[in-house]
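K.L.:
According to Swiss-Prot, the feature NAD(+) binding site maps to TYR134, GLN196, ASN219, an assignment based on sequence analysis. Sequence annotations record features per position, and here Swiss-Prot assigns substrate binding site to SER242, GLN264, HIS267, HIS333, ASP366, GLU420, HIS425. According to Swiss-Prot, the feature Zn(2+) binding site maps to GLN264, HIS267, ASP366, HIS425. For GLU332, HIS333, the entry in Swiss-Prot reads active site, proton acceptor, with the evidence type sequence analysis.
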Amino acid sequence: MSERKQILNCIDDPQQALIMLKRISARTSLEVQENAISSVQNILTEVKQLGDEALFRLTEKFDGFIPKPLEITPEQTLEAWEKTPTPLQEALQLAKNRIEAFHKYQIPKDFLKEGIHGELLGKNWSPVEKAGIYIPGGRAAYPSTVLMNAVPALVAGVNEIIMVSPAGPNGQLNRTVLAAAYIAGIKKIFRIGGAQAIGALSYGTQTIPRVDVISGPGNLYVTLAKKLVYGQVGIDSLAGPSEVLIIADHSADVEQVATDLLAQAEHDPLAASILLTTESNLAKKINLEIENQLKDHPRSAICRKSLKDWGLIVICKDIKSCAALSNSFAPEHLELLIEKPFEFISQIKNAGAIFLGEWSPEATGDYLAGPNHTLPTSGTARFSSALSVETFMKSTSIINFNQAALNKTSAAIMELANSEGLHSHSRSIEIRRSKPSSDD
């Protein structure tokens, strides 16, 4: 096989595989972030101090136009929907309906339980008042991201959703993105992007309201801005470049595996496409099939860059070894193209989303399966989850002790308070337990 056709590096050493997977996971290095973080901080400070004036200046600097007016009118949003072809309207509506139906299962329930001494203990859930959603834009269009961010907020009961998205070269937002916003019921839309948009949502400007939670993916500057404003507002996650890991055995279809790897690679030169397989012959065929598909691929250059830099095939001794490597990488998307995928789920501990079998390519989840496509990246699936209804909600603990419950537990509470040297904590219990019982 020629070097040209070995577009994906193929290895069979498990230790080398671990090293390479770690390198891929860390592809947005701390050094790169440190180089950008001072610029992001300056942008945020300017927006905080100058508001709309900063947004106009920064957008002219980075995007080449002054976004006056900032806000998209309801008439423009309606017009975008009406000019959307009927098949695409129907696809957007179907996606919205399925995402909404799935996320309704996630609505957390309030509860109030009686403790052993008659005390009442519980938890109440409530939505945030305002949510900001960031939709990547410019030369690209992601209507699915509008639905995946807005619908969970709607299901949560958020009162007001504010959408920001960078305009294209003509200063306009993509029509399909606006159409998605229309069916999601978003009333406030602003044609602003980058770190300055995150600053506007965090601090508020003369035109853009301050929000309580910000969700949505973006480039490095957007991600760093979200990181810096966290604490001022809530955020969904710090999204990195997208990734797929496919586990395939003898039953996998070569064309399907190759296409699914390319479906990830076409996103971005930093996207990672990884195949773990027990079949060395499959690995060879995959490289050939990828080369064949790239001959007329419209994003061939991006795919080649992505696969060359961040693609990998690992030949594993058995399926259990595949699971171990996958868990160490904690992929954003995990496809199980194996004979009995359901029997394998128990071995998977770390993954943003799992796609089981040949009829469940990642694209089903990207668009309209129902579960959210905003998933943890860069190994963060070890400890974090997909965007959900709870992203836009917060819980409040409910505590109602009666006199008997306080008296029964007072000695232990005072002991703990005194151990921490907190006199008034202890006294707040003592003065109550010495009070005559209401039964006396």
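Backbone N, Cα and C define each Cβ position, glycine as well.
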K.L.:
Of all the recorded positions here, GLU332, ASP366, GLU420, which one's CB has the most other CB atoms within 10 A?
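P.N.:
For the recorded positions GLU332, ASP366, GLU420, the Cβ with the most other Cβ atoms within 10 Å is GLU332.
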K.L.:
Counting only residues 6+ apart in the same chain, whose Cβ is under 8 Å from the Cβ of HIS333 (substrate binding site)?
P.N.:
SER242, GLU243, VAL244, LEU245, GLN264, ALA351, GLY352, ALA353, PHE355, GLU362, GLY365, LEU375
K.L.:
So which one is it: of the binding-site residues GLN196, ASN219, SER242, GLN264, which has the fewest other Cβ atoms within 10 Å?
P.N.:
ASN219
K.L.:
Find the shortest Cα-Cα separation between GLN196 (NAD(+) binding site) and the binding-site residues HIS267, ASP366, HIS425, and name the residue that gives it.
P.N.:
HIS267
K.L.:
Max CA to CA distance in Å over the NAD(+)-binding set TYR134, GLN196, ASN219?
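P.N.:
This binding site's residues have a maximal Cα-Cα distance of 12 Å.
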K.L.:
Can you give me the same-chain residues 6 or more apart in sequence from HIS425 (substrate binding site) with a CB-CB distance under 8 Å?
P.N.:
ALA417
K.L.:
Output, ordered by sequence, the same-chain residues six or more apart from HIS267 (substrate binding site) with a CB under 8 Å from its CB, or 'none'.
P.N.:
PRO241, SER242, ILE302, SER306
K.L.:
If I restrict to non-local contacts, at least six residues apart, and a C-beta distance under 8 angstroms, what lies near TYR134 (NAD(+) binding site) in its own chain?
P.N.:
ASN149, VAL164, SER165, GLY193, ALA197, ILE198, LEU201, ILE214, SER215, GLY216, PRO217, GLY218, VAL222
K.L.:
Give the distance between the Cα atoms of GLU420 (substrate binding site) and GLU332 (active site, proton acceptor), rounded to the nearest whole Å.
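P.N.:
Cα to Cα, GLU420 (substrate binding site) and GLU332 (active site, proton acceptor) are separated by 43 Å.
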K.L.:
List nothing but the largest Cα to Cα distance in Å, as a whole number, among the residues SER242, GLN264, HIS267, HIS333, ASP366, GLU420, HIS425 that the record says bind substrate.
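P.N.:
Across SER242, GLN264, HIS267, HIS333, ASP366, GLU420, HIS425, the widest Cα separation comes out at 56 Å.
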K.L.:
Using Cα coordinates, what distance in whole Å links ASP366 (substrate binding site) and GLU332 (active site, proton acceptor)?
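P.N.:
Distance (Cα to Cα, whole Å): 12 Å.
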K.L.:
From the centroid of the CB atoms of TYR134, GLN196, ASN219, the recorded NAD(+) site, which same-chain residues not already listed sit within 8 A by their CB, in sequence order?
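P.N.:
Along the chain, the qualifying residues are PRO136, VAL164, PRO166, GLY193, GLY194, ALA195, ALA197, ILE198, GLY218, TYR221, VAL222, ALA225.
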K.L.:
In DSSP terms, helix, strand or coil for GLN264 (substrate binding site)?
P.N.:
helix
K.L.:
Tell me the Cα distance separating GLU332 (active site, proton acceptor) from ASN219 (NAD(+) binding site), rounded to the nearest angstrom.
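P.N.:
Their Cα atoms are separated by 17 Å.
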